[in-house]
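One structure is given here, and the rest of the page talks about it.
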Amino acid sequence: MDALRLANTALAVDIFKKLCEKSATDNFVCSPLCISSSLSLIRKGSQGNTASELEKALHFEKVKDPDFGFQLLSSDISKISSANSLKLLKRVYVDNSIECKKDFINSAKKPYPLELETIDFKSQAEEARTQINSSVKELTDGNFETVLNEGSCDENTKIIMLGAASFKGKWVYTFNKSETKEMDFHINKKETKPVQMMHLEARLSIGYINELKTMVLEMPFQSKHFSMLILLPKDIEDDSTGLKKLEQDMTFEKYTHWTNPSMMANSKVKVSLPKFKMENSYDLKDMLKSLGINDAFNEEASDFSEMTESKGISISQAIQKACIEVDEDGTESADVSMERRLMNKEEFLADHPFIYILRHNKTRTIIMLGRYCGPSEAS
């Protein structure tokens with residue numbers, strides 16, 4: 001399980017860095033776990049160089065049994081998801097004309113429950129698209145209206161890899177709504193935009209990355225199954241968001257070190273954090289190709305002989321939608337009234353761009369990650 005956690009973390013950092021490269025100043029949220037789970041299922045059906053490319057991108061070099069690892073992880077997370085308002089949908093849709101081997105179907109059921117689905121793209125592409133959209137809408141409680149746009153499926157569609165992730169958790173400690181006030185958020189050294197800033201004083205885990213002058217705060221959600229980790233540079237020191245150095249320096253090893261509980265201390269913290277809601281859609285094909293997954297997208301080169309006898313099969317589309325909402329809701333008030341309010345307190349003022357990670361604490365798995373650079377026009 002630990003080897004799989006490390007592999008999933010390494011892919012999550014790769015994905016994060018690709019999203020940062022794409023744009024220096026955009027807000028984003030993404031679920032690397034949806035991607036790694038679906039890719040692992042697709043890897044299970046592949047052979048030869050197709051399998052090698054997938055295993056390399058997934059960092060599976062030291063993972064002895066990824067299927068069993070995903071089985072335990074899915075089971076752990078699904079048990080606590082509904083109580084924590086987490087919706088994770090991972091699907092690999094395969095066209096009916098591709099006859100999947102019985103062994104493949106049966107062996108995928110436990111590690112990737114409900115993730116493999118057959119559907120009729122060949123003769124009813126538009127109906128298939130509508131059916132997929134309805135299914136995603138229903139399974140995410142209406143969070144996502146349209147995942148596949150009109151014309152995105154046709155009679156040549158073979159495999160669609162699709163992920164949808166949404167989260168709106170309740171913190172352990174409630175932010176007092178009456179203390180939420182409009183404040184300036186520094187988008188860069190020169191510009192500000194108004195945000196609704198929430199305030200809280202509580203005992204929380206906090207760490208510091210000295211070489212990057214960056215604070216790491218852990219904010220637990222109810223029942224402490226999930227936490228949000230927030231990486232906040234002390235100040236904006238570059239000509240952009242202030243995150244450039246942190247984004248460039250982040251590696252899988254460094255992230256693991258920075259967020260290790262032994263690197264953090266329990267302290268009284270005065271937190272100021274913007275309220276926000278963020279949603280993104282991704283066509284993942286180019287990103288996955290840039291991570292070295294090429295054959296799986298190329299029907300001339302792909303080898304899915306563990307899945308089917310059919311030839312000329314490739315992934316037609318890889319799509320993800322993700323959304324996250326952060327507000328004051330919590331389950332208990334932080335009782336700091338007994339301690340004098342301003343004694344020896346760390347201040348965590350998130351009034352400039354930061355990186356955030358939604359983590360499953362038992363396995364330290366990254367469920368979602370993102371970057372907040374300021375209020376979007378819509379919010």
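Any Cβ shown, glycine's included, is placed from N, Cα and C.
The model shown is predicted, which means the values in this text are computed figures rather than measured ones.
Annotation source Swiss-Prot lists N-linked glycosylation site at ASN133, ASN176, ASN361, citing sequence analysis.
A helical conformation is recorded for ASN133 (N-linked glycosylation site) in the three-state DSSP classification.
On the backbone, the CA of ASN133 (N-linked glycosylation site) and the CA of ASN361 (N-linked glycosylation site) stand 31 Å apart. Cα spacing between ASN361 (N-linked glycosylation site) and ASN176 (N-linked glycosylation site): 25 Å, rounded to the nearest whole number.
Cβ neighbour count for ASN133 (N-linked glycosylation site): 17 (other Cβ atoms within 10 Å of its Cβ, all protein chains included).
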